[in-house]
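Peer 1: Just lifted these from TrEMBL, have a look:
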- 30-266: domain 'Rhodopsin' (DOMAIN)
- 12-30: transmembrane segment (TRANSMEM)
- 42-62: transmembrane segment (TRANSMEM)
- 125-144: transmembrane segment (TRANSMEM)
- 171-193: transmembrane segment (TRANSMEM)
- 205-225: transmembrane segment (TRANSMEM)
- 245-265: transmembrane segment (TRANSMEM)
Amino acid sequence: MDTVDEGNWGPAINRLTISFLALVILFLCLRIVTRVWIVHSFWWDDFTIILAVLGTTIGAGLDFVEVHYGFGKREQFLSPHDIQEFRKYTYGEWIQTFATLMWTKVSICLFLMRIPHSKALLRPLYCAVAFLLFSNAILTTIWICQCQPLHAAWDNKGTCMSRGAKEGIVLVQALISVVSDFAFATLPIVFLWRVQIDFKTKIGLWFLMCLGFITGACCLVRTVLNNQALPDNQTYDGIVNWVWRLFEVQIGIIAACIPTLRPLYKWFMERVRGHRAVGMDANIHFPLTNNKPQSWVEHVGERCEPSSEVAREGHVDNLDHPDTTRDELVRESIITTERRHNIGTAHSNYAPAENARDSALEEEMIKYGINDSP
């Protein structure tokens with residue numbers, strides 16, 4: 001007796017794919033507008049997130065082809081040719097997934113490198129980037145070479161790894177993703193812990209920069225469902241794992257873009273309120289010839305240092321070391337500038353020196369549309 005078809009989830013898979021892809025492309029466009037026309041600083045973290053979006057776009061194309069060959073239906077309702085073609089494109093989609101997740105995490109690392117100047121904080125990020133590139137290269141190579149010859153991965157005409165070995169590759173990649181997502185979501189808390197900004201702003205920045213916890217949660221669910229990553233009935237039983245994998249990839253890209261959009265939000269709100277808008281012009285700077293991520297900060301750090309004459313006269317007793325992390329956030333237009341609380345009345349004693357220094361800073365602030373009002 002024929003088995004009753006329980007339904008075709010293919011159209012729903014296509015709709016979900018299109019919806020998330022459109023959302024990801026929207027956030028990428030907003031990020032590019034912010035970095036190019038408002039912040040005027042387009043760096044390697046922006047290039048790598050573009051690679052991630054390119055990867056997920058390719059993945060969406062592969063999903064459409066998989067649906068064409070039966071993804072969303074049970075295998076008993078498909079022809080042997082359709083099953084073989086589905087396996088071929090699924091094989092390629094996993095390669096895309098590895099690469100897209102890697103570029104997303106590398107972009108987050110590079111974004112975090114913009115904030116601290118301390119080598120103690122930068123070294124772990126450099127190591128993380130190297131580890132992500134190396135581990136992805138190893139896992140991708142193993143995945144590609146899972147069968148000999150390669151086409152045996154979808155036509156079974158050759159020798160292949162066991163199912164457990166292939167699930168092990170997926171599990172290792174998932175564990176790396178979970179650990180890195182939670183680690184990168186925690187780092188902003190460390191970076192901003194001692195930054196001299198009000199607590200409300202600090203909480204807001206933590207929330208924006210810690211959205212990686214959501215991605216980590218999606219990856220954790222995918223890891224728990226790892227036995228569904230390569231099921232016997234791949235075209236139907238693999239749908240749940242695919243959905244969580246889609247959430248992990250797409251939400252990860254969106255979470256990587258959201259912290260960069262605050263300058264655009266500020267620009268929009270100033271336009272709505274009728275204030276002088278943050279400049280949107282074509283004076284674009286691409287500081288890609290510099291090796292250090294903080295190279296695009298030239299004058300902001302000077303704001304926190306009194307002149308040598310003032311220091312010798314002892315007018316400022318409680319001046320802390322320059323808060324370079326805060327200055328990075330100012331240059332990104334993520335926060336607005338404000339007077340340091342611990343300097344107090346000492347400003348009146350060295351106002352001429354500060355005014356002389358602020359001329360260069362004021363030009364930079366106007367350029368980036370940063371409000372210096374208390």
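All positions are counted from 1 along the displayed chain.
Each residue, glycine too, has its Cβ placed from N, Cα and C.
Please treat TrEMBL annotations as automatic predictions, because they have not gone through curation.
What's the neighbourhood like for these features in this structure?
Peer 2: Within the same chain, residues 98, 101, 105, 108-109, 112, 115-116, 121, 125, 128, 132, 135, 139, 202, 205-206, 209-213, 215-216, 219-220, 222-223, 226, 248, 252, 325 sit at least 6 positions outside the transmembrane segment (171-193) and bring their C-beta atoms closer than 8 Å to a C-beta of that stretch.
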Peer 1: Please report, as numbers and ranges, the same-chain residues at least 6 past the borders of the transmembrane segment (42-62) whose CB is under 8 Å from any CB of it.
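Peer 2: Sequence-remote neighbours of the transmembrane segment (42-62) are 17-18, 21, 24-25, 28, 31-32, 35-36, 89-90, 92-93, 96-97, 99-100, 103-104, 106-111, 113-114, 249-250, 252-253, 256-257, 284-288, 293, 296.
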